[in-house]
Amino acid sequence: MLGFAKKLFGSSNERKVKTLATRVAKINAYEAEYAALSDEALKGKTAEFKARLEKGETLDDILNEAFAVVREASKRVLGMRHFDVQMVGGMVLHFSGISEMRTGEGKTLVATLPTYLNALEGKGVHVITVNDYLARRDADWMGQVYNFLGLSYGVIVNGLSQGERQRAYRSDITYGTNNEFGFDYLRDNLVYSVDEMVQRGHNFAIVDEVDSILIDEARTPLIISGPTEDRSSFYKTIDVLVKELILDKSMFDHDEKQKQVILTEDGQEKIEEILMSGGHLAEDSAGLYDAANVSVVHHVNQALRANILYTRDKDYIVKGGEVVLIDEFTGRMMTGRRLSEGLHQAIEAKEGADIQPENQTLASVTIQNYFRLYKKLSGMTGTASTEAQEFDDIYKMSVSEIPTNRTIQRIDDDDEVYRTEREKNEAILKQIADCHVRGQPILVGTVSIEKSEELSKLLSTFSFEKDGKKVKGIPHQVLNARFHEQEAVIVADAGVPGAVTIATNMAGRGTDIQLGGSIDMRLFNWRQQQRGMGLEITVEDEAEERARLETEIADKKAQALAAGGLFVLGTERHESRRIDNQLRGRTGRQGDPGRSKFFLSCEDDLLRIFAGERLDAIMRTFGVQEGEAITHKWLNNAIATAQKRVEQRNYEIRKNLLKYDDVVNDQRKAVFEQRQEFMESSDLSDIIHEMRRDVIDDLVLRHLPPKAYAEQWDVEGLTERVKSILGLDLPIAEWAAEEGIADEEMKERITKAADEYAAQREVIITPEQMRSVEKSFLLQMIDLQWREHLMHLDHLRNVIGLRGYGQRDPLNEYKTEAFSLFEKLLGDLRTNTTRWLMTVEIAYAEPEVPHTPLDNLVEVHLDPLTGENAAFAGGIPEGLSTAQREALPVSALPEGWDRTNRNAPCPCGSGKKFKQCHGSLVR
């Protein structure tokens, strides 16, 4: 019935796109009129639109004209005209949706439409990309259109000063990575002056590669942290003990499907015995699970996880003595990102690497809750429909599949499933050799560094026939986390006839494989070659070389097309269908032909864990011989079903984590908003006075209960607390002995004495100085209390799941206890602020507020595209002073770079001129 209705009325996506398509005709109606305008008249439209908005019109009212203006400006400035389907994509973004557009359909150009329209309000538009390079490239490229139309743009990248960030955020349009925007938000809530804040609100955001950022990054919070006590020696000790323990597999249970490992009863007894004999358990403790040994149990569990669940060259690599995580979705190194709760230190101990100290969280926010700060949020990607439910549930964004400008010519073959990995690899090698001989470029996708290097070794020794001769070794390139520095060169040649490229998951890479090769990269290499020979490059020389290369690349493209276009070969299915679709999407761009096929085996992780035994039994039943594969539509459906189950499980995990984080998020917003009010206020004396009154009320209520007799009062306790918190030595015992004295009168006397003492202390310095001291104390105290609160919440989150065994809902328990902890935070804030201001000796000096309020801050910062810490480029830290740069030798640059023309693009691929990038390092 549902299928019939869909045929009759069309899917909801088709209806939505059809509705928006009718509006495109109205936009197109302005094209001839605007084409006839002079440049000045076209630029004047921006001021006209702003004036109309001020008079009460809405963005929706001027959408048709604004989109038409951007299209015309783009034609004049970039020589690029928005297709009608791109107009539809732009409208989806404006209406807070997700535009699913295929590879090569021009998402970057589409973003200019809603960006310009929403920037007219003057509240700022943020365009989020996955790395600094793309942020710079897109800003400089599309910024030409914005500048032409009278709007300003800025770029937020790693290494900018506070002033540069402020200027970028005050632009009409700001480009940057999700990490930079998120960390700026956190840093803004750690500074002590409004003048130090850089962001100006969260109005409208367009997220490129939205599935990568809002789904893949959803379980990883952005964290700013500071160092704590060094326990590296204990990690090493526990690792040695656990390594010895797990030699006997009966000591632990390992659940691959749930990714869990726990000690068996025998294992618990054995490790307890070892720890006890080594003197690692607390004295007089009842055993390993005594409350006094909680920390030891935690170390044992993390060492167990490190040794059993985490595999070298799959989950992480060791590079330069450092353990670097690998993103399971992109295959990228995640330099700068560390596992929490001591797990990263446990892996470092396992590998004998330098153990970095643990860090205490100072401020954190999940990607989900950061982006939910925006009043309006939209996104673009090539693959979002498989996660449509999650986008709708969590972000309230619907996914719209935008039709391609040209019909997709790609053929997706059924999967081939073999019994063993060896048989599968043999079939893969034959397929690669066939493509190579026929001149068809092939991209081979693997799920890990380990797999890509294994396949590379097999290709190097594989023998095949070419031109009637026996040849050993298929020439190929490997692109994985180890060699990502060579990515631009490798991807540029991946579309050349006969090219073989092995790559770990290509998700989120922003790469566009062009059949025949990339003319830009070929030109760049030619320039480098000419300069290396000391030759001067003229405009005529470059134009001549470009024409020659265009002809050569056109010929090579024709050869690749004749061979069938780019062949994408998947060596395993990923847990997520979206990652598989991203790999497939690398071929068949802009109407080019292409082919994709997955080669699987019953020993692959996905099939082995979820369907391995059943599938192997079926193959035996049907008498599948060695080297034979089974291929069938029902098999594809069965694999897709397994993937859906995993996706649903992962979604439930993310959704569950979000429920817990929402509890923290409500508290975070309350604290950050209160902190903001404190910073913006020039006089907090009323708040300080109110806090002091509340503290006195609490003290009297606790020690002099309202319905108790005077004889039952804790007079001694109240006297001590008043002295320690208020700095007052009052005759409270004498007051309590008075006939008919009541708790209210006691409260009034203490309050009066406290007010008088506070007034006396104000005389020590001027009122203005006192206000400054109060503000400084209050901000420092709220930061201190918030850090401790986050630590308590982390501990609570780690143990709250055990409440489920007592038939209690862990989430409700967490909400209740988190609220109690928050109330304690507020009480401690009042008490400690009052104690500081009433007891600390005041000696005022003009404060020198540093840009960063805390030393030794660590940003857990991932660049999803390059995988490297963006603070470093080519091994040279960005943001060096002139003196520091002058102290660097020319040899600090990679070999040959010092001969680069100063006005040429920098070889590092940043998009900047050489003199503005690595050239600035040369004296």
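Cβ coordinates are placed from backbone N, Cα and C, and glycine is handled just like the others.
Residues or ranges marked as ATP binding site by Swiss-Prot: Gln86, Gly104, Glu105, Gly106, Lys107, Thr108, Asp512. Marked as Zn(2+) binding site by Swiss-Prot: Cys906, Cys908, Cys917, His918.
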Packing count at Gln86 (ATP binding site) (other Cβ atoms within 10 Å of its Cβ): 26
Helix, strand or coil at Gly106 (ATP binding site) [DSSP, three-state]: coil
Gly104 (ATP binding site): tally of other CB atoms within 10 A of its CB: 20
Maximum Cα-Cα separation (Å), residues Gln86, Gly104, Glu105, Gly106, Lys107, Thr108, Asp512 listed as binding ATP: 18
Which of Glu105, Asp512, the listed binding-site residues, has fewest other Cβ atoms within 10 Å: Asp512
Sparsest-packed of the listed binding-site residues (Lys107, Thr108) - C-beta count within 10 angstroms: Thr108
Surrounding CB atoms that lie within 10 Å of the CB of Gly106 (ATP binding site), all protein chains: 16
